[in-house]
Ligand SMILES: [Zn+2]
């Protein structure tokens, strides 16, 4: 008898480990092995690994900022065999780290995971995302660092509005069911901004209320999904007539292209 559904016997769970003020370090693990994404701090990760008696197989890094990489060196001291993958176009936090770029595949055989690397510049120039199309229970997984947030997008520290708009358009084209694991708990303030841009978006209003309740109970607002973000996140909606009209009224400018609406949204959010 062939048992092809190994994952069901040893299912993968994803949990968010809190770090710094509002970062999540995502941990994917079965009963034995774990992968972490963007470990800005080592200590909270090491604690969870010890509690759950897990071995660290791999570390995925989306971009070079310290709050995404600061824990790598110390985790490596404890787990010298952990493989590290990060953007080939950016400085990596350890000499053993492997640089990957758009179109590459990152295999984590210990967990049966196969990530596609997507180049998503904007927040930083070499920023990458990790996409697992098979995912868990037919829901693909996306680890997108500081590119797409629930209700928002990353600040443009290195890239241009054009680059970020293109990166987000690419992520928005992933299947609606894709679970979106961002690195920061910015959802409530992001949704407040979305609401001020689209006060009549009924789905956004409903989601705002749901997230307010969750956050009151200290529950993470993540993961989100691509389908949800397309409905509520104004940064994925510059093509929507109401968003464009609101931005034209706000800026007093004729915004005749989606990219101009997007750039105006990003500038407004920076001072919101
Ligand atoms: Zn960052």
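Glycine is treated like the rest: Cβ placed from N, Cα and C.
In TrEMBL, annotation is done automatically, which means it is predicted and not curated.
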Per TrEMBL: Zn(2+) 2 is bound by 67, 68, 184, and from 10, 104, 146 the site also lists 146
For the Zn(2+) 1 site that TrEMBL gives as 63, 65, 146, the extra residue out of 123, 195 is 123
Three-class DSSP assignment, residue 67 (Zn(2+) 2 binding site), comes back as helix
On the domain 'Metallo-beta-lactamase' (22-184), the mean of the pLDDT values is 97
For Zn(2+) 2, residues beyond 67, 68, 146, 184 with C-beta within 8 angstroms of the site's Cβ centre include exactly 23, 38, 40, 62, 63, 65, 145, 183
